[in-house]
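Below: the structure, in structure tokens.
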Amino acid sequence: MALVDGVPVAMAPPPGYVVDFEHPHRQSMVSTYAIFGVGNVLSILFLGQRLFVKATVRHKLGIDDVCVLLAWVASVAIQSMIVQGYSDGYIGIHLWELPLPKFVLFLKKGLYIYPIIYALPPGFSKTALLIFYLQLGNRQQWYQISIWVTMAVVIGSSIGILFGNIFACSPISKFWDLTLTTGTCINRLALYKATAIFGIITDIMIIGIPIPMVVGLHISRKKKAGLLFMFTIGSATVVTSIVRLVILIQSFSTADQPWSGGPVTLWICVEANLLIMCACLPTLRQFMSVVTPKLLSSGHDQESKPSEYKLHASGGAGNGSALFSAKRRQYQGFGHGTDYHMDTLIEGANSSNTHHSVKHTDGGDGLNDDDSEKAIVQTKAVEIHYEPRPRPL
């Protein structure tokens, strides 16, 4: 404790420093305000498009939507409290320019309440993504086990971190009550490190689950890259978690924590908004296809035109030839119906995306696409030559 101009502060200023309680030096305040404004606008837009698609296009809201809504509420709550902390003047200010009552506010809100609230957005948003993975319909054992194990880690770590922050001290008020001389507290730095590390681990687990499935798809490299990009865009939260962890460790290396805590709260706001946006990505393509269908269908119309070939098949028993009308079915990536046409993503990994309708030249009945697969399954080798179908005169 020290007195500066008759005002009690937690730490004396360094020699030669001129303390100004009315206009103290600030750190990260303007940047945090900007992130709060821009980030929340974007997260609300992402959340709005998700709810629009689920409620008006699919006519079905699920538990994953509840998780995203809870994550968003907690995200707005923690960011609002951070902005209020800058406004009240106990974040991003040197300890020796912080009157003792404001320092107590920093201990109670900045170091105790903030971590409790922020334990919620990552858990809810990641659970929503894992529920989305389950809805894809892949029944492969490794896939199902990976999702449930990851979900257990996400939920378990979130609950552990939540209660670890709530009961960090005994009695709880020892966390901020400077007059208490008895009681114990856990290592706060270790708890905050665990929060960031578990966030990084679960992010990597969530990113890695669908990658083997996407790699095995028989689709163009461009579309495969698009799917991989959608699934790996969540790596942005890995980056923010790592940055926040590094800054957090640095902030605990100094006693001037209200000042060093400024950059930490800045990255909390960045990560909180990214969590919401990443959780709302699965419906974005379908939302765009509804709102701006012409924009998304311009390239699709050209790609989806059927290409027909005349196929001469020879070999096996008999010398008959068949005229195959081949109609290429394009994988539409993130199309209509279920999320990004993920039924195609799941079932298409081990099948061809080209279907044939068969028409025999000997006068037999034509077969439609459903019948063609049964008709051409033969235990014999055939040689197929493709040539363009002659245009009618």
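Note that Cβ sites are derived from N, Cα and C of the backbone, with glycine treated the same way.
The following features are taken from TrEMBL:
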| type | residues | note |
| --- | --- | --- |
| TRANSMEM | 30-48 | transmembrane segment |
| DOMAIN | 50-289 | domain 'Rhodopsin' |
| TRANSMEM | 69-91 | transmembrane segment |
| TRANSMEM | 111-133 | transmembrane segment |
| TRANSMEM | 145-168 | transmembrane segment |
| TRANSMEM | 196-215 | transmembrane segment |
| TRANSMEM | 227-252 | transmembrane segment |
| TRANSMEM | 264-284 | transmembrane segment |
| REGION | 351-371 | region 'Disordered' |
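If you look at the transmembrane segment (264-284), the same-chain residues 6 or more away from its ends with a CB under 8 A from one of its CBs are 28, 31-32, 35-36, 39-40, 42-43, 46-47, 49-50, 53-54, 67-68, 71-72, 75, 78-79, 82, 85, 91-92, 110, 114, 118, 121-122, 125-126, 128-129, 132, 230, 233-234, 236-237, 240-241, 243-244, 247-248, 251, 334, 339-340.
Where the transmembrane segment (145-168) meets the stretches 30-48, 69-91, 111-133, 196-215, 227-252, the count of C-beta pairs under 8 angstroms peaks at 111-133. Take the transmembrane segment (69-91) and the stretches 30-48, 111-133, 196-215, 227-252: counting Cβ pairs under 8 Å, 111-133 has the most. In the predicted model, the domain 'Rhodopsin' (50-289) has a mean pLDDT of 89.
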